[in-house]
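Q: In case it helps, Swiss-Prot gives these features for our protein:
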type: DISULFID; residues: C24-C122; note: disulfide bond
type: DISULFID; residues: C52-C162; note: disulfide bond
type: SIGNAL; residues: 1-23; note: signal peptide
Amino acid sequence: MAFVLSLLMALVLVSYGPGGSLGCDLSPNHVLVGRQNLRLLGQMRRLSPRFCLQDRKDFAFPQEMVEVSQFQEAQAISVLHEMLQQSFNLFHKERSSAAWDTTLLEQLLTGLHQQLDDLDACLGLLTGEEDSALGRTGPTLAMKRYFQGIHVYLQEKGYSDCAWEIVRLEIMRSLSSSTSLQERLRMMDGDLKSP
């Protein structure tokens, strides 16, 4: 979790360096939806993590993603977008619906989609000619590989209930870190606009 928090802190630092704000305002609703997504993930718990200790795994979030000097504003938003997109894809899988309460799952997918729409607007403002290359940059590619490892883990574990519980906890940690930082981002943006 520390490495995910470090990555997201790097995203905020880059966004609020000497150049100022991101150039896009995340709505207050964006943060509220993020909190709701976390509550939904908490409610989706079906097993005690104690029963799944043998299935624990370090998903090896890449440390090189926390190098602030490597990030530009568009890359930072792109990485955050990739995290939400991959989370959406993960829970949108056909096999995911067997593991969760379908009402909670649908609400989570709707919330993730709303957050992605907000970030799509930011990406549109921040990207120009570099748009096509963003998905191939180191940080975004590393995020894709991180989630690919999660997909492989689920396959290897036969999409078992314990495997899904471990993944739910991992995604909950990641989204928790991103939600906290998005709240700070909104507060900092408000401070920058104050007289």
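Just so you know, glycine gets a Cβ as well, placed from its N, Cα and C.
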Q: Calculate the distance in Å between the alpha carbons (Cα) of C162 (disulfide bond) and C122 (disulfide bond), and round it to a whole number.
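A: Spelling it out, the Cα of C162 (disulfide bond) and the Cα of C122 (disulfide bond) are 36 Å apart.
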Q: Would you say which of the disulfide-bonded residues C52, C122, C162 has the most Cβ atoms within 10 Å of its own Cβ?
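A: Buried the deepest by this measure is C122.
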Q: What is the interatomic distance between the Cα atoms of C122 (disulfide bond) and C52 (disulfide bond), given in whole Å?
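A: So the Cα of C52 (disulfide bond) lies 39 Å away from that of C122 (disulfide bond).
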